[in-house]
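**Student:** Okay, handing you the structure first.
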Amino acid sequence: MIDPEILVNTPDIVRLSQKKRGESQSIVEDALIARRNLRTAINNFETLRAEQNVLSKKIAGSEDSDRPELMRVANLLAERVKNAREEQEKANSEWKKLLFEIPNIVSSEAPYGVEDKCAVMKTVGDIPEFDFEPADHLQLGEQLDAIDVSRGVKVSGTRFYFLKGWGARLELAVMNLALDLALKSGLTLLITPTLVKPEIMLGTGFLGRHEGEVYRLPSGYYLTGTSEVAIAGYHSDEILDISSGPIRYAGWSSCYRREAGSHGRDTRGIMRVHQFSKLEMFSYVHPQQSTRELEHIVSMQEKMLNLLEIPYRVSDIAAEELGTSASRKYDLEAWIPSQNTWREVTSASDCTTFQARRLNVRYRDESGRTGYVATLNGTLATTRFLVAILENHQTSNGSIRVPEALRPLLGQDVIER
């Protein structure tokens, strides 16, 4: 959640953020009213409790003849105290509810607007020029017997697939290359749970308006769409030592997404699916270091795409396209020849202290005082990379030139049937 002090003391900052997101500003006033109601309820309860304490002392020192009347008054006062406590709890619940509904405050650096207002920061690599009509990744995958969508649909339904033979080997090679890069960069590897408790999913900001995008089991547990969720909850209710710098993890997991809002989009191939693999970077840092850490995460993603010899561009995502938890987000988009356009293959988000406040993840400074850490995340490798690899490295006969960095992992220079 956002810092309550910012909401109370400088509400215009939150109003501007809501405006940039294209969302209602009325929730700011609703939350401020709820806050005032809470303060009133607290004051009322504390006043009655003080009266109760005074009356208790009076009863203790009273004459026997006065005690029955004092006890009658005490019973009435006890009922008022009970009601006041309930009103305070109700007011606090309403305040917390509204506070949880407000998305993170958008960075002042994030562009205004929707998708077409995203700012391209840079473009890297040469777009391949083919002397033939480039095939799409599914055609290439089927020719190589590497991707089997039809049997995926038969077994599990639409947007499912099998990776087979070279397809499976290629994904594992990509993941291992990313893992090697992560370990050499000092990240700690985690293999994370893919089922999490509701409070962890809520804490990361994936419920509320995004609840329709995640799978919920009858038990109440949720399937995660990214290991970010599990890693964010890994240190919940803890005080971390970040005096030596950021705490960085790389979490591998299968990921599950309903893609509820994607009807009719990317129905061909494995660009947008319900299950995929991902290696996610996640950092806990001092809030003042979050901007620098975001740049570090993006630099790691760029290294990975450069190793895979994929042309890409980095875009600063417009405010209306940001998720609930993100204050700022960069997308790295790969060139997809069959579509003659750039498509997002990985992203990096600065969530500032938003998730840490919800999950109670703190640090202790040199004076002994605690504060909330900032959390950041970014994908280092995912199944979607296969789309870019197959299409950008295809040859006229349908074989795939293996990027040099993957050759030791695959044991050959070309993938062919």
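Placed from the backbone N, Cα and C atoms, the Cβ positions cover glycine too.
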**Student:** Which candidate from GLU280, GLU333, GLU416 does Swiss-Prot annotate alongside THR226, SER227, GLU228, THR379 at the L-serine binding site?
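**Tutor:** L-serine site check in Swiss-Prot: besides THR226, SER227, GLU228, THR379, the record includes GLU280 out of GLU280, GLU333, GLU416.
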**Student:** Do any residues at least six apart in sequence from GLU259 (ATP binding site), in the same chain, have a Cβ closer than 8 Å to its Cβ, and if so which, in order?
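**Tutor:** Residues satisfying the criterion: ARG159, GLU213, ARG272, VAL273, HIS274.
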**Student:** Tell me, in order along the sequence, which binding-site residues from ARG257, ARG258, THR346, SER347 have their CA within 10 Å of THR226 (L-serine binding site).
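**Tutor:** Within 10 Å Cα-Cα: ARG257.
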**Student:** Would you give the longest CA-CA distance, in whole angstrom, between residues of ARG257, ARG258, GLU259, VAL273, GLU344, VAL345, THR346, SER347, the set recorded as binding ATP?
**Tutor:** 19
**Student:** So, in DSSP terms, is SER227 (L-serine binding site) helix, strand, or coil?
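**Tutor:** In three-state terms, SER227 (L-serine binding site) counts as helix.
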**Student:** Out of these binding-site residues, THR226, THR346, which one has the fewest other C-beta atoms within 10 Å of its own C-beta?
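**Tutor:** Output over binding-site residues THR226, THR346: least Cβ neighbours within 10 Å is THR226.
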**Student:** Counting across all protein chains present, how many other Cβ atoms fall within 10 Å of the Cβ of SER347 (ATP binding site)?
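**Tutor:** Summing over all protein chains shown, SER347 (ATP binding site) has 20 other Cβ atoms within 10 Å.
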